[in-house]
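Engineer: What follows is a structure written as C-alpha cells; I'll ask about it next.
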Amino acid sequence: MNRYVFYVLWCDGITISGLLLYNLLLDERFSGSIMAIVISALSGMIFLVTITKSLGHFPKQGLPEILRMFLPAGARVSLLIFFSIMTITKGCIMIGYASSFFNLYLIDVKTITIIAFMFITVSWGATRSSKTILSTLELVLFICIPIMYYILTKAVFSQGIEWNSIKAMADYAFTWPKWETIAAANSVFSGFVGLIIFNRVVPSKIKWKFIPLLLIVNLHILVTGLLISIGIHGTYGVGNYIAPTYSALDSIGIMSGLFSRTIMPYFLIILFLLLIYAAVTIHVGLELLKGCFSMKFQTNPRKEQLLSWIICGLFTVITMIYFNTFTLKQIKYHTVNWFELRFYTEFLMVALIALFAVMKWKRRV
C-alpha cells in the first residue's frame, strides 16, 4: 500500500472524528451509537476495498477520466457537479464546525472572522497540485500525530476518568441504532473519496494484510475520544455539554512546556489537521469540477486557477452566511441529514466505479 493512500485515509478518520462525530455519537449513546460504529466499520471496509480494487483497473486516472470513457457528456457533467458539490460541502462543514467550537474559547473573535481566516488558508492549499498537497499532508501528520497520542494517553490514564461510567455503557452495546447514526459513523471511513483524484499520482491498491490496520487506525481515535468524554463527565453528565470532548480535555492538566491544560495543544493539532484535510477535500472537489470542462481548458493553468479561486470564494460566502444564520443545534440537525445524503452519494460513486471496472475487464477478456 502506498503511504500517501494511508495518510489520506488516516487523516480523514482523525479529523472528522474530532470535529463532527464525537458530539453526534454521544447524543445517541443510549440509542445504539456503539453498534453503529461496528456496522459502519463493516460497510466502510466494503466501500474501501471495492473502490481501491476498482481503481486498480484505471492506473493514473481519476474519476473525471473514468466517466469520460463510459458516459455521454450530459450524464458525466451532471455527476461530476453533484460529486464536486458534496465533496466541497464536506470541507465547508468541517471549517464551520471548527470555527463554532473555537469561538467557545476565543470569545472576542467572531465566528465569521475565524471562517474567513481558515478559508483563505485552505483555499490557497486546495489550489496547489495533488503532489504538493500529499507531501504537506505527510509533514503535518508527522508533526501532529505524536502530540495527539500523548494527549489522549494522558487523558485515558488521568485520575479524573471514572471507569464505572465507561463500563455502564456496555448495557447499551447491542442496542440497534438509527439509520442516521450508522450513516454518520460510516463517515470515519470516507477518506477513500480522495483516492478518486489522487489515483492519478499514487496507486490506490491496498493489500489485504493492511485492511485490519486501516480498521484500527480509523476507529481507535473515535472510540478513545468517546470513552474519555464519558469517563470524565459521566454517562448522563456528558449530555450537558456543547462540546463534551473539548470540555473533558480542558479539565486535564499538563505540566510541560507552554501549556497548563491539554485543550490548547489539542486545539492546535485539530486546527492543523483541519486545515490540511479541508484543503485535501476541497482540492478533490475542485478537480472533479474541472473535469466538466474540455481538455483545452484543463491545460490552461491561469483559467484553472481563476476557476478554483472563484469556487472557493463562492463557498466561503455561503458557509459564512449559513453558520451566521442558523444556531449550532439547527446546524447539527442539518449535518445529520447531510451525513445520510453523503452515504448514498458515496455508495453511488463506489457502485459506478466498480461497474466501469467490470466493463473494462470484460472488454479485455
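Numbering starts at 1 and runs along the chain as it is shown here.
Glycine is treated like the rest: Cβ placed from N, Cα and C.
What TrEMBL records for this protein is below:
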TRANSMEM  7-26  transmembrane segment
TRANSMEM  32-56  transmembrane segment
TRANSMEM  77-98  transmembrane segment
TRANSMEM  104-127  transmembrane segment
TRANSMEM  139-161  transmembrane segment
TRANSMEM  181-198  transmembrane segment
TRANSMEM  210-232  transmembrane segment
TRANSMEM  263-286  transmembrane segment
TRANSMEM  306-323  transmembrane segment
TRANSMEM  343-361  transmembrane segment
Engineer: By a Cβ-Cβ criterion of under 8 Å, what residues six or more beyond either terminus of the transmembrane segment (210-232) are in contact with it?
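Structural biologist: Result: 1, 6, 9-10, 12-14, 17-18, 21-22, 25-26, 29, 33, 37, 41, 44-45, 48-49, 148, 152, 155-156, 158, 160-163, 165-166, 169, 185, 188-189, 191, 238, 244-245, 248-249, 251-252.
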Engineer: Could you tell me whether the transmembrane segment (343-361) and the transmembrane segment (104-127) have 3+ CB pairs under 8 A, leaving out pairs under 6 positions apart?
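Structural biologist: Contact absent: fewer than 3 Cβ pairs fall under 8 Å.
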Engineer: Can you work out whether the transmembrane segment (181-198) touches the transmembrane segment (306-323), with the criterion being 3+ CB pairs under 8 Å where the paired residues are 6 or more apart along the chain?
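Structural biologist: Contact criterion not met.
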Engineer: Among the recorded stretches 32-56, 139-161, 263-286, 343-361, which has the greatest number of Cβ pairs closer than 8 Å to the transmembrane segment (306-323)?
Structural biologist: 263-286
Engineer: What stretch, picked from 139-161, 263-286, 343-361, has the most CB pairs under 8 A with the transmembrane segment (32-56)?
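Structural biologist: Against the transmembrane segment (32-56), the leading stretch is 343-361.
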Engineer: Let me spell it out: take the transmembrane segment (139-161), skip the flanking residues so only those 6+ beyond its ends count, and list any with a Cβ under 8 Å from a Cβ in it.
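Structural biologist: Hits for the transmembrane segment (139-161): 7, 10-11, 14, 221, 224-225, 227-228, 231-232, 248-249, 251-252, 254, 262, 265-266, 269, 272-273, 276.
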